[in-house]
């Protein structure tokens, strides 16, 4: 799949396009691992298994066509760690012959996917030198791999000052040389960098090296931003135009970084992404951070899900962006249960740009403009600014005669906010008000404007439109810098929502983390707005998206991994989920800018907002092994060939056991009822492992969803030692008393001891 980088931050593209060239297409081909290993053993040093497969395809194609010689497939990549297979350009005939190749499992077309801080650690409750961020925990060599748009290696966030420990001896990665990238760009912080572009160039043509690089160097900014958010070095005095000023530090500021570039100007080819993930796992990363995503597909057809399962099998924790297609329901992506799916929410930091209307009304907007406030000036909008099309302030729509010296009111849409400001400035305007529509709600994503400007929520925007129609409107904009203390977290309206479209058997997303207006490292050659005409140079930038929330969790997982090196990926995930909170800093339920409901649901924030300090000591964990995930896939009734693609051909579903999806040992409960019946019930089993006090007792507290009775057996769990496992069953019974018109209702099950509170959300959906 290909993801368009320009849309990654706040827009999610679900459309997938096949990558074709002449009469051939690029396919990702999955092979049976046991068969390829056996073939390599037979061949010894004479050939590799994939060379034999290429020869077989060529020979079989010639036979089918009745010719002596046929063109050979063009091999792009081989995959041997996270998945087993290859990517190649194949004709229709060559594709057909794969069915005769021993070990062949499946083939899917290559597609294009799109990409999906000074204050974050403090907002998350982290304090350097205390708790999780002690020298003992930070000294552990946890390696985070980023599959993204690359990295700007010279940035101060990636310097290794103070990192005296050598690169871990287990590390097998390299610093690949390429355009404007040499081995000297790596150090003890940035320990590896590679670039993958064969699939991209096959689809989009050769990379234009006047605007991008055939190397790990970042020409977009996205990869630099995500890497520094997760593991950037501590930088004092970081800001953008003096705003959000403070000490910038990644969540795991002493963590090691490995950058795998697979995303370019027009997107990210799935064959390149697979090559990057496969190599990252082989190199020895502990954490994979994937701020990318595609459309919803069954797991056996989802290359990210397949590769991530292989990564988890090798002990790698995988965090992934939930997507930016909210607030519509069932838009969440990267929803496989072995992936940590991260939603986006706000922090309590704001950048006030107060709008004072001539009628005395005052509205709170936000802006990254750092200049002086305006005087009270005339407002122009639409017809009064140049015509009906002028309300969007797009290119050529504003009249200089009508706009000069005035504040122009612009609607969101068509072009970016900063581009609208450039049009206003070009026409001689003195300022801009950027209005949200009702569907865009109260969420404000700040922009680095080139002139005095304020972005406003839907309710303020409606009042301003009404005021303009009253005649002779005026306004001023007053800038108040950086302010803290607003209610937070609040769910971002763009953050994709559950339930998962195709496999809604676990609650997704899993958690939420800061993803709105996040300050992090930025290449100095890329303007802060990301548009070509923006020639300003900054070292830090503020952007929004689940691409920003994902690396927060990647970094937190790295810290927890450093503190608990024997924890599995599922254990880390469980700890982050069961300790997440659902109340904001004002002790009210987390709200949702994309919903009319007064509070957000688990389909918006999953288990809640991450709390890293509590996650480091959760009391109980719900652990899941690789085979447990395979049994879960069996419960989905996948065919033997579909299971072979996911397991690489070495697993058969049991035929003597009645598997149900709800028995996966997941730290949340997704319950599906028949909407045409009131005689619904389901019983699920869970097993928890005691990692808290050796001798402790937990009591179950069920907060029942509307219309559902929750019965837990046993209601008390008594542990006698650390590491002990105990199981329980929980039954959900449709009481027939649900009064709301919603298809879903929500609750929670909490295991409470004298020290711990281990919470799992419940989502019941009547289908």
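Cβ from N, Cα, C; glycine included.
Caution: TrEMBL annotation is automatic and unverified by curators.
Here TrEMBL gives region 'Disordered' for one range in the set 566-588, 589-611, 612-634, 635-657: that range is 589-611. Mean per-residue pLDDT, taken over the domain 'Inhibitor I9' (27-115), amounts to 92. If you measure from the Cα atom of residue 547 (active site, charge relay system) to that of residue 148 (active site, charge relay system), you get 10 Å. Close to residue 148 (active site, charge relay system) in the fold, though at least 6 residues off in sequence, lie 115, 218, 222, 223, 226, 227, 259, 260, 261, 262, 263, 289, 291, 292, each with a CB less than 8 Å from its CB.
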